[in-house]
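Over in Swiss-Prot, the protein carries these features:
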- 42-64: transmembrane segment (TRANSMEM)
- 79-101: transmembrane segment (TRANSMEM)
- 108-127: transmembrane segment (TRANSMEM)
- 131-153: transmembrane segment (TRANSMEM)
- 166-188: transmembrane segment (TRANSMEM)
- 198-220: transmembrane segment (TRANSMEM)
- 252-274: transmembrane segment (TRANSMEM)
- 289-311: transmembrane segment (TRANSMEM)
- 318-340: transmembrane segment (TRANSMEM)
- 344-366: transmembrane segment (TRANSMEM)
- 378-400: transmembrane segment (TRANSMEM)
- 410-428: transmembrane segment (TRANSMEM)
């Protein structure tokens, strides 16, 4: 490379390219967190802010299910179908907007995702019937699905490789933080008004639209500047597309990443969507049911910290095997009808394991693929994997509609977590094989 960073530090701009024949890492000045500062840090933090609202939007439907069922006289099967619409949109958004972030640029993909997510989540508050509500949730899901791979790809381009796993963990910690906010807010807001209580929960989507987007437009660097900055620090990558994920070098790794994400998200999003309703069906009051949801999300926040440490020390895939195994065993323990205190502990462990495993998978994908494939690879894994998120609410509703009881759901979610551990074990084995035959550098 023949370009270098300006002496003043900060992000490279087009005017600085070609200024010198030497290549060096861009200097960071000011407050530094995990190796970045200045505009890079501001861009990454606004991305994290958006992920918090991504997490809020994922959990908010579960907190208002009972109110929707009462207002529109909905069955469990119909509630499951409506719950799946957002996840179906997420699956599509993750694949196509993830790819768009590689082709058009990170900034455009992030801002476009937030715009779609915020506008159509807000419109859910004014839905006159469940069918319009479901349509708005589907379109909002397109933005939901595109946001996480786009933000993670942008973050991976802006942070040093040595702190990439830690930053991936920070990014995804926003999901359970947002979910916790949804659970706490619902305790007060949903019972406050029979007509507008649940609707107000969706008006919160105005915050990223009104507050976040203007800041993002200012602090997220241009796509050309992000690419130039990354090329100077990490080297230039040739253009690549979906087909490159399935060539010999990446084929089985890509397939198993998608399978691992499928079963992990089936467990995580299934719980996030149905836990309040399941606990109410099991005989707990609405307030207690939401507190269980809060425990699940607080466990996921704790899991973000624990998996950051474990992923850095032992590798994301190896740590993911343990995390998913813990979640699976914990969820199956609910079949023993434990006391309330034990239920809280079990759900905290389930949050640590399910969401923590997904964070570790994202970190492994970001570490494994080159920059020109990173957004596409994240979109592939999250897009195909989110079919599990689509299936989970529908299956959970059907299991209840078939009178198979609450425990049938816990069996499904617990088994999914154990299958995630199995899939990651296969990836761990493939990693060892590929590191010999292809010299692939994937942190295990």
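Along the chain as shown, the residues are counted starting at 1.
Quick reminder: no glycine exception, Cβ is built from N, Cα and C everywhere.
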For the transmembrane segment (318-340), could you work out the same-chain residues 6 or more beyond its ends whose Cβ comes under 8 Å from its Cβ atoms?
260, 264, 267, 288, 303, 307, 310-311, 346-347, 349-350, 352-354, 356-357, 360-361, 364, 407, 410-411, 413-418, 420-421, 424-425, 428, 444
So are the transmembrane segment (108-127) and the transmembrane segment (252-274) touching or not, going by 3+ C-beta pairs under 8 A with a sequence gap of 6 or more?
no
Positions whose Cβ lies under 8 angstroms from the transmembrane segment (166-188), at least six residues beyond its ends:
34, 44, 47-60, 63-64, 148, 151-152, 155-156, 159, 201, 204, 272, 287, 290-291, 293-294, 296-301, 303-305, 307-308, 311-312, 351, 355, 358-359, 362-363, 366
Which range wins on Cβ pairs under 8 Å with the transmembrane segment (378-400): 42-64, 79-101, 131-153?
79-101
Best-contacting stretch, by C-beta pairs under 8 Å, relative to the transmembrane segment (198-220) and drawn from 42-64, 252-274, 289-311:
42-64
